[in-house]
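Trainee: Structure below; questions to follow.
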Amino acid sequence: MALSALRSDSYVDLSQYRDQHFRGNRSDQESLLKQSCTLYVGNLSFYTTEEQIHELFSKSGDVKRIVMGLDKVKKTACGFCFVEYYTRADAEQAMRFINGTRLDDRIVRTDWDAGFKEGRQYGRGKSGGQVRDEYRQDYDAGRGGYGKVVQSF
């Protein structure tokens with residue numbers, strides 16, 4: 001048991017999160033996640049650019065493509081993106097070394113993604129942004145100010 005803990009790489013292990021909109025069963029999703037070269041990147045500032053993402057993530061390997069998350073109504077950035085690498089090894093490097101780093105005064109959060117599909121770049125909240133931003137009551141300049149619910153009062 002102690003030896004298995006030594007081989008564990010918690011930065012690369014799959015998290016408990018699973019995409020609720022994944023089309024397929026849980027074992028299919030797990031299998032795709034274990035071989036994926038695509039990362040979900042969250043907690044980004046609404047003002048973080050694709051160029052900044054590329055500059056940071058290319059330090060871990062060759063980036064194949066970046067898909068910025070967009071507000072489905074306004075088509076503006078809404079705090080997440082997908083980063084796809086050519087190899088799993090490069091994606092694992094990013095999971096180890098970029099998760100938890102700071103970009104635009106925000107702590108970047110990375111997780112495995114089963115692979116980008118068209119349409120997933122749009123935020124899932126009611127107004128097209130991220131759900132948690134709609135209910136946020138504090139002021140966050142990197143997220144466009146106050147949450148949308150607070151702004152409506």
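Even glycines carry a Cβ here, placed using N, Cα and C.
Straight from Swiss-Prot, here's the annotation block:
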BINDING   Tyr17, Tyr40, Arg109, Thr110, Asp111, Trp112, Asp113, Arg120, Gln121, Tyr122, Gly123, Arg124, Gln130, Val131  mRNA binding site
DOMAIN    37-115  domain 'RRM'
Trainee: Please give the average pLDDT for the domain 'RRM' (37-115) in this predicted model.
Mentor: 93
Trainee: Just counting, how many other CB atoms are there within 10 A of the CB of Gly123 (mRNA binding site)?
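Mentor: I get 23 for this one.
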Trainee: Using the structure shown, find which entry in Asp111, Asp113 (the binding-site residues) has the sparsest Cβ neighbourhood within 10 Å.
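Mentor: Among the binding-site residues Asp111, Asp113, the lowest count of other Cβ atoms within 10 Å belongs to Asp111.
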Trainee: Could you give me the DSSP helix, strand and coil counts for the domain 'RRM' (37-115)?
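Mentor: Across the domain 'RRM' (37-115), DSSP assigns the residues as follows: 21 helix, 31 strand, 27 coil.
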Trainee: Validating a neighbour-count step here. Other CB atoms within 10 A of the CB of Arg109 (mRNA binding site): how many?
Mentor: 16
